[in-house]
Amino acid sequence: MAYDVDNPAPVIEPPRARTSRTPRKFTPGNFEMHAWLFMRLSGIVLVVLVIGHLLIQLVLDGGVSKINFAFVAGRWASPFWMTWDLLMLWLAMLHGANGLRTVINDYAERDGTRFWLKMLLYTATVFTVLLGTLVIFTFDPNIR
Amino acid sequence: MATPVMEKSEAGAGGTAADSPYITATFRIRRFNPEISDEVTWQDFQLEIDPKERVLDALHKIKWEIDGTLTFRRSCAHGICGSDAMRINGRNRLACKTLIKDISPEKPITIEPIKGLTVQKDLVVDMEPFFQAYRDVMPFLITKGNEPTRERLQSAEDRERFDDTTKCILCAACTSACPVFWNDGQYFGPAAIVNAHRFIFDSRDEGGEQRLEILNDREGVWRCRTVFNCTEACPRGIEITKAIQEVKRALITRRY
Amino acid sequence: MKIHKYDTVIVGAGGAGMRAAIEATKRSRTAVLTKLYPTRSHTGAAQGGMAAALANVEEDNWEWHTFDTVKGGDYLVDQDAAEILAKEAIDAVLDLEKMGLPFNRTPDGTIDQRRFGGHSRNHGEAPVRRSCYAADRTGHMILQTLYQNCVKEGVEFYNEFYVLDLLLSEVDGVKRTAGVVAYELATGEIHVFQAKAVVFASGGNGKFFKVSSNAHTLTGDGQAAAFRRGLPLEDMEFFQFHPTGIWRMGILLTEGARGEGGILRNKDGERFMEKYAPVMKDLASRDVVSRSIYTEIREGRGCGPEGDHVYLDLTHLPPEQLDAKLPDITEFARTYLGIEPYTDPIPIQPTAHYAMGGIPTNVMGEVLADNTTVVPGLYAAGEVACVSVHGANRLGTNSLLDINVFGRRAGIAAAEYAATADYVDLPEDPAAFVQGQVEALRSSEGTERVTEIRKALQETMDKNVMVFRTEQTLKEAVEEIASLRKRYKNVSVQDKGKRFNTDLLEAIELGNLLDLAEVTAVSALARKESRGGHYREDYPNRDDVNFMRHTMAYREVGDDGTESIRLDYKPVVQTRYQPMERKY
């Protein structure tokens, strides 16, 4: 297609430019701040939890070969380890989900895409967290 | 006054016939003219030029002597008006503050418009979204109560607190270097946050709370990923990422 | 073509334009047309400060400031205007502070002040601290602060709208302001702005010199538009050369550097200003210092292999002081010269800096059509205007003051006029001139290039109309400019497009520069005396008998279409101060 002075080619606009009509306020309250803070704090806690978890599971006391049903059952007999794993599950899932949420916010250009990707993310997160929690609390060491 | 110093500062500046200061450099410029084509092209220009000259001098040489259609903004030519922010060898720079000798002129020097804003012609981009973000942070002194008859008092320390961010010339080098901004033009961007910082930390200002609320938004400071591209790009040497972090801290502690 | 209607239209968004806009927007429906984004304006390049007799650090009063302004202007200053300038300076600075300008502070928390060229205690006794400053970025801070307040007031800006013509309509034999015509850079479209009041605040015209501290965009568009419409230009022969521009580049190094204790030295390391100005030394007024530098260079005491510059020496100042008070200019030296100002002196030469002359106005900012008649609805402020508060030589820090005091006055006066006046009918086919000009350039097949003519113009101006002038050099300049104007008629541009056609823009700007260069040279040729910034080697003394008067240059078009410049003169307003010999 030919373009000339009076028939210029279209220019390529960047995604979601700010205009005077850009809504001034999307998120009431301090959600974004709390999400940001949560990422930092959960990150620090997760470093301890995950490294501890890896040491116990994979390094100390014979390493990975010791792991079997009895080992897991033994640990979950103690409320301390139940809490540890529960905390690790929740924090890791929320930390990861929030990270993905920001990635979606950054890269999904259309509002619709962003909405459905986030819905998918939230569904997956809720499902995993609930399932994990259920397993930890209802674990029965005597099943055969 | 040491005489030897004079000799030193003279070296190479005069340029005798024997050793010409000129070098041949290639400038690879990203061209776009919607009146001709919707295609973007890269065009090479070879210039005989003194490496101590500015990239802006090279652009002028091209425009004035080779191709008058080359289009770019410029005004003061010494880094205080902020017209000529562009991407030089992949980094956001002011063309008038970048000397050719500092950007390895032996290889082709690439020049392209800043990213994240609509390219309108060659190196000219639409600055409106950038200034809209600036206007949206309420970049002006907000005070309550009666005006004093004389000046408002401010200690030298309080003045120093926000000195760094008063240097901003709104050239958009920082904002258009920010990867978050590239993907989401609604993000306020570093420049707007810098200008909010300038008032939030001004002891005379009483609108800090309002400005913090604005920047608490989804498109506000929490989108900053501390990439440090902005700090690297700033031609005024403002520690932008630090300023953004200070705004975040102020939001969490509500102390500023 | 689009037609817009506003009460007040302000042309230019530098210091004066935005100061006027802040006032006018509160009082009338106002539009600001600017060929640059407002924060790109060259007010931002001003460094040193803004004079006001606040007396925050030592005894001072506005009367001394008035005297210094009058004396600095070599008594060509209209003294009633200078008095207003000095008196309103105090409020102008305080207003800016209240708008949020981050001035440097004294230990008490008040606005700090420093010394500046030509500002003295008690009528010339010793330098006084009168310049209110924000490091060496005072202009930047003023520009930003004014823009911030324009955002606050919701000023309506038309960015990158280049005003090319002033519309005057004759009503009952009186020329009245009807509006302006602007060219939209982004689209190439022509817009007519009908307005009751128009304020020109479009800045200077220093780009007709080669070594210049002026931005590429300072091409005297306002002066040229007014001049083309038959309005006079006042005192155009007076052009200020700032003593300390970076050698060969012309980038400004503030007088504040000398205010902080910097010293000028020749190749022998001698502090040569002691010879020329025993009291004020390096802080004598700018015309004196610039001439002294060139005298040193001519007498073979210049530095470098070609002996064509001198040094600004800051090496004796503590680095902390340089960092705190002069951060930008030390950075310029590092960036552009590769010199470390802590240890090395900076090579400098005088650089074309400021046009004292311009569109004549009275103290209300109203533009004059001759020595006394006001053009209803037309105002001017800032460097484009000549009030005249700067006379034959402007004092450092008085220009930032000028834009604030007279920008404000013009803004208020224009809006108040607009509140009572009616629209004047636009002339028939209002955009005809601009359309013709733009189309002719765009379609021209001429062989002349803008670059070459501009280069020749700048070279002849630097050679012939600089710090030292003689009958012969000025005649040479007049002839050269005339031939360049002829060549300009045959100029063509390469870019034939409409969008962002900066090639076309530069061609139009060159036309304006040529017009103004001619006025400058012709006015200078006729002034057979030396006064302030105008120094004639063939007439080295001031001649108060014959030349204590302002030059008024008019464009005359003969019946056969030939253009010429007619010179007339206007008396100087003298109130308190009788002319004295000027010594620093």
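The backbone N, Cα and C atoms fix where each Cβ goes, glycine too.
Substrate binds C:HIS242, C:THR254, C:HIS353 as TrEMBL records it, and from the list C:ARG291, C:ARG298, C:ARG394 the residue named for this site is C:ARG394. Looking at the stretches C:47-74, C:299-326, C:467-494, C:551-578, the one that TrEMBL records under the feature coiled coil is C:467-494. Long-range neighbours of the coiled coil (C:467-494) within the same chain, counting only residues 6 or more positions beyond its ends whose Cβ lies under 8 Å from a Cβ of the stretch, are 241, 290-291, 294, 350, 441-442, 444-450, 453, 456-457, 460-461, 501, 503-504, 506-507, 510-511, 514-515, 517-518, 521-522, 524-525, 534-538. Distance between Cα atoms for C:ARG286 (active site, proton acceptor) and C:GLY44 (FAD binding site): 20 Å, as a whole number. C:LEU36 (FAD binding site) falls within neither a helix nor a strand when secondary structure is assigned with DSSP, and so counts as coil. Long-range Cβ neighbours of C:GLY44 (FAD binding site) (same chain, at least 6 residues apart, Cβ-Cβ under 8 Å): C:GLY139, C:HIS140, C:LEU143, C:GLN144. Contact with chain B, taken as any Cβ pair under 8 Å, is found for none of the recorded positions C:GLY12, C:GLY48, C:ARG286, C:SER399. Under a cutoff of 8 A between CB atoms, and with a sequence separation of 6+ in the same chain, the neighbours of C:HIS42 (tele-8alpha-FAD histidine) are C:GLY14, C:GLY203, C:GLY204, C:ASN214, C:ALA215, C:THR217, C:LEU218. DSSP assigns C:GLY48 (FAD binding site) to coil, not to a helix or a strand.
Residues belonging to the coiled coil (C:467-494) score a mean pLDDT of 96 in the model. Remark: C:GLY48 (FAD binding site) has C:PHE116, C:SER131, C:TYR133, C:ASP136, C:THR138, C:THR254, C:GLU255, C:GLY256, C:GLY259, C:GLY396, C:THR397 as non-local neighbours, by Cβ distance under 8 Å and separation of at least 6 in sequence.
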